[in-house]
Amino acid sequence: MTWKTLDDMALDGKIVLTRVDINVPVADGVVTDTTRIERIVPTVTDILAKGGLPVLLAHFGRPKGKVVPEMSLRVVLPALEEALGRPVEFIAHPDRAALEALPKCTVVLAENTRFAPGEEKNDPEMAAALAALGDIYCNDAFSAAHRAHASTEGIARLLPSCAGRLMQAELEALQRALGTPTRPVVAVVGGAKVSTKLALLGNLVEKVDDLVIGGGMANTFLAAQGIDVGASLAEHEMADTAREIMEKAARAGCSIHLPKDIVVARKFEAGAPSQTLPVSECPRDAMILDAGPETVAALKEVFAQARTLIWNGPLGAFEIPPFDMATNAAARAAADATKAGTLITVAGGGDTVAALNKAGVADDFTYISTAGGAFLEWMEGKTLPGVAALEAA
């Protein structure tokens, strides 16, 4: 992968159209999680330091090509100004002359790109209209890179283009994790359904040395091996697919790790009475809601031998104690190895980040991706249009 960064661009006196992802949660008109806003600060700061005028392009929600007032980006303005420590000009529909008349140190936020029907269609006319506003295009929205939209893909083919600091960090971390990794490589994949992560599992077994499967997905694999999983969430219709993945892994020399012991309960609620049992002894009326301590001990051994770890999805029902034990313990083991300098750890996906934050170890991982769908599609081995456009620029 080769792409230009801000270091390769002459920005002084230039209008820099900067695609960012500030699609943040909002309640009662207030941003409730500023993580994505905070992570674009280095890019905006660097553009200003190099004499450029950043014009921020972003989407918010899914207005589907129509103006929806409650999805205006104006709502993020206070949080954006606080993160940057400077005022931001909100110009819903900027034109070139207006931008050229602004003082050099100005930051501009344009209106929701998805208000325009041409955005999600990657309409060439919209891409050209956007490109006419600036001199340079900077994509700092890896989390939107799996979408071939006018502001992520079309525009990059019309202007000198580069990756912003967050995009650069994401791409370098992911390349380090799966492109040219330090081996052995272990992937942890959790979540509810095999059907949503088929492409991911199929790609990973050919690229990693160890694959840890957790959450509801593990139940499907256990059932495919003839193990009774009781009343647990499981996709029994995916049994043949699960067996095919296991056979593919065996051919590729990838070891699959499933729970050895399980935590079961008859109610899915906080504080519900639970038991820890061997994986083969799940009661018919009970649900598997977490992996047990024997499984965690085995995972710690896998992590101790590994040099690179990629994590997507929790190992159990981490939202509800006590079914967060395996996720928390495994996360802490990975974090400890990272701090000791023996393991490179990269994690992504909404539930994954929430689980690592809950375990209190997110800051100890080598890299936490802000992307959801883009992170998954990259792990699936797919080409991301927003990245491909930068490579072609």
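Along the chain as shown, residues are numbered 1 onward.
Backbone N, Cα and C define each Cβ position, glycine as well.
Mapped onto three states, the DSSP output places Gly61 (substrate binding site) in coil. Take the CB of Gly61 (substrate binding site) and look out to 10 A: across all protein chains shown you find 14 other CB atoms. Taken from Swiss-Prot, the feature substrate binding site covers Asp21, Ile22, Asn23, Arg36, His59, Phe60, Gly61, Arg62, Arg114, Arg147.
Residues or ranges marked as ATP binding site in Swiss-Prot (evidence: sequence analysis): Lys197, Glu319, Gly349, Gly350, Asp351, Thr352. Cβ environment of Asp351 (ATP binding site): Gly190, Gly191, Gly313, Pro314, Phe318 lie under 8 Å away, each six or more residues apart in the same chain.
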Please report the DSSP secondary structure of Arg114 (substrate binding site), reduced to three states.
helix
Same chain, 6+ residues apart, C-beta under 8 Å of the C-beta of Gly350 (ATP binding site), given in sequence order:
Gly372
Taking Cα-Cα distance, which of the binding-site residues Lys197, Glu319, Gly349, Thr352 are within 10 Å of Arg114 (substrate binding site)?
none
